[in-house]
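**Q** First the structure, which I've put down as structure tokens, then a few questions once you've had a look.
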Amino acid sequence: MAKDNEGEEKKYGEPAKFDPEFKGPIDNRSCTDILCCLLFIVFIAGFLAVGILAWVHGDPKLLLYPTDSQGNLCGNGAYANKPFLHFFNLLDCASFASVLNGCPTPQVCVETCPTEYWAYAIETTKMNLGQEPDWSKFICVEGVNVGSGAGLTAAQIEQYVKDEKCAAYTVSSKAYGGRCIPSLVETIGETLLDTGASAGNVALTDSSGNNITAGQISAGTAALALVLSAQEVVQEIFTDMVASWYLILGGLGASMVVSFIYIVIMRWIAGVMVWFTIFAVIVLNIFGIYYCYTQYVELENVQGSDLSISEVGFTTNISTYTKLRDTWLGIGIALSVILLIILLILIFLRNRIRIAIALIKESSRAVSNIMSTLLFPLIPWILQLILFAYWGAVALFLASSGQAQFEVQDYNTTNSSTPSNLTGQSCTPSTFDTSAVSSSVQCAFVKYGATSLYYQNLFYLQIFNLFGLFWVMNFIVALGQCTLAGAFASYYWAFTKPKDIPTFPLTASFGRSLRYHLGSLAFGSFIIAVVQIIRVMLEYIDHKLKDSENRAAKFLLKCLKCCFWCLEKLLKFLNKNAYIMIAIYGKNFCVSAKKAFFLIMRNILRVAAVTSVTNFLFLLSKLVVTGAIGTLSFYFFTGRITFAAEYVPNLKYYMVPIIVVVIGAYMVAACFFSVYNMAVDTLFLCFLEDLERNDGSPEKPYYMSKELMGILGKKNRKEGEKEKKGCCGCC
């Protein structure tokens, strides 16, 4: 058996040897992975260059305001008083391709969307009877003068309609995302006939004289209404965010304070706080179950509350689901399952929890001796926030890059004299010669874009920008991990604590990471970024194949997504331990990763037990902070805190700021608790090396604390004292 164990150890490298000169993180080191550092600097320059290009060529207003057929932005500049876009013939919009590429029908900016059903034939009939028509009903393109002083005849009006310079009809509409979309869901059954739509006694017809039916209008606007209604929801959510941004920041600030206090308290009573965290999670779960039960009972006699979620279907009105008993029943069951899992973990893993508590206590001592580590997470957090804001701005400017593109359009398809070689050709409105073509031909706006090399590669620039986000984000994480690892390693390898701890260990570790190991950190973060961009591509392919009937391809794609998810988690774990070795020994990434991997494999059972339990305990701690802030924000934004109700803004979706605060609180808590997580990982890896390097003799004493030595039954022996066998090592 001893030979087998010796063979297993050699399989994963030789155990660390005793070195009397080793006193912690090595100061005499050199730059590592220089080529990777140079490539990273070049990439950063390209990343910034893409941002400059996007800033020069992009215009976010193009995404915020709809554009009419003549390239005017509705609701902006000279058209600020005309914020809505009206479509002449919505039957031409009966496909999602039209939503993406533009509806092939004239579109004009209007002050208000039509509120009634109307047909131009109503007005021409009045004119034929010698009556004055209602000129305000006409919606025409810019440059067409329709009014009492224009002296138009009924025949001229009819020609304008045939040439689609004036709308043939209007229907009662509602604004969705700045576009006028028929209010069919609410009024179609009351105002339109089964065989045809009508306005008064005159049937609605298009510019070619064809009758417009209710089904045609519904089909013509379904795709557009779905996309634009989603856009309207996004805009309403954005409006709620703007109205409550200061309260959201207050919630994030509160989460920072709670996380800081929580960590400070854990310095002295880590064991009590860990058990309190477990108890708090159980209490929050019980409270959640109780709240779901009360809501379920209150809705018992409410009409419509017995409908199932499947019967209600998808709706953008989130509050609809909160009025269903099934919603609260499902949430209650989910919370009950989580509560049961936590109780089972407590029953079967209570001894390993004690081991984890001992490590957390030692980490608490390390943090208490290096207090600056508590504030250090603010640096990578701010850097990540700046990076994310930069990436979002570049993505927005790239998406809005382009110039207005115009093409020749003949809207009168029944009687056209336009040469076939002109239709669809590029044109310029200011120089377009209308005298050479029929009156129904217009130089109309189709999309934003251009033919230059920059515009042809916008998609690839977006991919490059996204990869830049991943690489730099992972680099910031790596820099933070390497810095903290160096500081905590300095604490561990100080034989007499705190006397032997170096001065300013965090600053010294940060300086070593920046001066010597930027290339190694860039190398490790590049590997993670490549896996993440592959996962994004797989998600994109999955989205494209969602309507595919090829089950084998779907199965293979799901397997690939699962494999790359697991690969990313594994690489993050290995990279983290590699950064610890880089911080201690100053070797390049590959050597450090190999050394960390072999050390882990030689102690795989201990690493698996302690890492899993401590990660679970830190997760519970983050959930307590998130749950507390989330509960407080829920009661605040729903107006249930009476003395603060006057400060709650009027919101469309009150759950929006709550969700943002909850997500932000978790991110803030994760940022702060990453300090403890890094301390545990670093100290535990140092602990394993300590066991291999030293044996507790006066010549080779252990550097670990007495409490950590007690976990495995180890101790430092005095001169002449013989070694006693400790526990079996199963701990």
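Including glycine, each Cβ sits where the backbone N, Cα and C put it.
TrEMBL feature annotations, pasted as is:
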- 34-56: transmembrane segment (TRANSMEM)
- 243-265: transmembrane segment (TRANSMEM)
- 272-291: transmembrane segment (TRANSMEM)
- 328-349: transmembrane segment (TRANSMEM)
- 370-391: transmembrane segment (TRANSMEM)
- 469-495: transmembrane segment (TRANSMEM)
- 516-538: transmembrane segment (TRANSMEM)
- 578-601: transmembrane segment (TRANSMEM)
- 613-637: transmembrane segment (TRANSMEM)
- 653-676: transmembrane segment (TRANSMEM)
**Q** Cβ pairs under 8 Å only, please: of the recorded stretches 34-56, 243-265, 516-538, 578-601, which one is richest in them relative to the transmembrane segment (653-676)?
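**A** Per the Cβ under 8 Å count, 243-265.
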**Q** Of the listed stretches (272-291, 370-391, 469-495), which one yields the highest count of Cβ-Cβ distances below 8 Å with the transmembrane segment (613-637)?
**A** 272-291
**Q** Could you tell me what the rest of the chain brings near the transmembrane segment (469-495), counting residues at least six beyond its ends with Cβ under 8 Å?
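**A** Those are 22-25, 40, 43-44, 47, 363, 366, 369-370, 373, 376-377, 379-380, 383-384, 387-388, 391, 501-502, 505-506, 508-510, 512-514, 517, 521-522, 524-526, 528-529, 532-533, 575-576, 579-580, 582-584, 674-675, 678-679, 681-683, 686-687, 690, 701, 703-704, in sequence order.
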**Q** Which sequence positions outside the transmembrane segment (370-391), separated from its termini by at least 6 residues, show Cβ-Cβ distances below 8 Å to it?
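**A** Same-chain residues near the transmembrane segment (370-391) but 6 or more away: 51, 260, 263-264, 465-466, 468-469, 472-473, 476-477, 479-480, 483-484, 487-488, 491, 501, 505-507, 668, 671-672, 674-675, 679.
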**Q** In terms of Cβ proximity under 8 Å, which residues at least six beyond the ends of the transmembrane segment (272-291) contact it?
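**A** Result: 262, 265-266, 331-332, 335-336, 338-339, 342-343, 346, 353, 356-357, 360, 617, 620-621, 623-624, 627-628, 631.
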